[in-house]
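Undergrad: Input: one structure, supplied below.
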Amino acid sequence: MIEHSLQAMAAALANKEISSVELTQLYLERIARHNSQLNAYITVDPARSLAQADAADARLARGEGGPLTGIPIAHKDIFCASGWLTTCGSKMLSNFVSPYDAAVIARFHAAGAVMLGKTNMDEFAMGSSNETSFYGPVHNPWDDSRVPGGSSGGSAASVAARLAPAATGTDTGGSIRQPAALCNLTGMKPTYGVISRYGMIAFASSLDQAGPLGRSAADCAILLNAMAGFDERDSTSLDRPAEDFSREINATSTAKPLAGLKIGLPEEFFAGGCSPEVMQLVEAAIGEYRQLGAETVSIRLPSMGLSVAAYYVIAPAEASSNLARFDGVRYGYRAPDYQDLNDMYCKSRAQGFGDEVKRRILIGTYVLSHGYYDAYYLQAQRIRRLIANDFASAFQKCDVIIGPTSPSTAFQLGEKAADPVQMYLSDIYTIAVNLAGLPGISIPCGFAGGLPAGLQLIGDYFTEARLLNIAHRYQQANAWHLQRPGGFD
Ligand code: GLN
């Protein structure tokens, strides 16, 4: 059952081969058995999950089930969920039980999905290795001395080890795609505004976007169908007609399903900077795409090289403003001893935030301060526009852009922790996509030294259904995405 696609799982539930309670129990047992090795979950609450499963079974018995009814899903601990501890990986929120559901959580509830637990993550989603969590690092199921990627590392590790059929993540600069790559999963960041950010704890609001982490593109399309949709409570949510993101996947296929597709290969992605083993796998995947009928064209993204620098001005600037709300007054951690109000703010924030979060707040307040705003923040915003323009010209010449997701396979725990800049460069291929607000997906494309590598596909705005299909056709032609790590029986 744990290797069933979401569609097959839904069919098994509909045919009464298994009940949602049994399926949920199966995963809860797997979590109980293996989570201590991975540290993928911050919170599991079996009674709550099983009550939801029970309700799902009743719904299925009435014949009212949908594609996700009764299926357990793990959620990144950045999504507020009513009655659940919602920590965002921080001591600051280590006592915060949310009184309401994020839009994403509410949508999964409405679909009848079961909430399996809250997954570990980098503190406030700041990181690329899941080592900045207050709850300790997550271990990669492919090699537990290595990182799973971040910041959605708990979600990725849980799905990779089959401790959840699928999970949610968020991606501000690569946090869905990079852990997907490092854990042999499919992970998608949709176009900015497609999924409501309501109740998703804010890091950098103009970049943050939720998305699915699954074992295949077909599974991700089903998850995205549940997650996407207009929400008036998020002012950046887009009011667009509902669409079925599985529609191209479900269309009949031919021997050359991608005939006529133009794949753009950015010179900047292939100019060095990526490990040769990963590059070899990416080149092989491009060869497979040609077999499927696609043609390739060389393109340029000239401002791409500035993306990490621009991101590390814009994201900390927004974070410094968003995180001002954590002051020990309304909710969250409050220092036990203090002299006066100011001292209470200082001590609560000094004790409640970890080093990476403090580093971002310092950078952010600096670049927004008088005299530096023009020199840093405005310049970064101009670069952001240039990057978006680069992509717009590229999409005149091609339908989809392909390259690596991450410059390397999973690195050792601790390897980059002491060098923030090295860590920041882990997202060199993903960050520009967030700056431009475009959709991107990472899919498994093979192994180097026993560790998975990811192929990134970037599309123009609102081409999720096509991107998912391009990923799906590749997954029908090979079995990389079906490989799972050993030792989690
Ligand atoms: N690694 C990047 C950062 O640390 C991106 C994180 C994310 O996408 N949430 O900011």
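Numbers here mean position along the shown chain, with the first residue as 1.
Note that Cβ sites are derived from N, Cα and C of the backbone, with glycine treated the same way.
TrEMBL lists 22-468 with the feature domain 'Amidase'. According to TrEMBL, the feature active site, charge relay system maps to LYS76, SER151. Under the heading active site, acyl-ester intermediate, TrEMBL lists SER175.
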Undergrad: Rounded to a whole number, how many Å is the Cα of SER151 (active site, charge relay system) away from the Cα of LYS76 (active site, charge relay system)?
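TA: So the alpha carbons of SER151 (active site, charge relay system) and LYS76 (active site, charge relay system) sit roughly 9 Å from each other.
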Undergrad: Do any residues at least six apart in sequence from LYS76 (active site, charge relay system), in the same chain, have a Cβ closer than 8 Å to its Cβ, and if so which, in order?
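TA: Residues satisfying the criterion: LYS118, THR119, MET121, SER152, GLY154, SER155, ALA167, THR168, GLY169, THR170.
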Undergrad: Enumerate in sequence order the active-site residues LYS76, SER151, SER175 whose Cβ-atom distance to ligand 1 is under 6 angstroms.
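TA: The qualifying active-site residues are SER151, SER175.
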Undergrad: Just how many other Cβ atoms lie inside 10 Å of the Cβ on SER151 (active site, charge relay system)?
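TA: There are 35 such Cβ atoms around SER151 (active site, charge relay system).
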Undergrad: Under 8 Å Cβ-Cβ from SER175 (active site, acyl-ester intermediate), six or more apart in the same chain: what's there?
TA: ASP122, ALA125, SER128, GLY150, SER151, SER152, GLY169
Undergrad: Taking DSSP three-state, what's SER151 (active site, charge relay system) in: helix, strand or coil?
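TA: Where SER151 (active site, charge relay system) sits, the three-state DSSP reduction gives coil.
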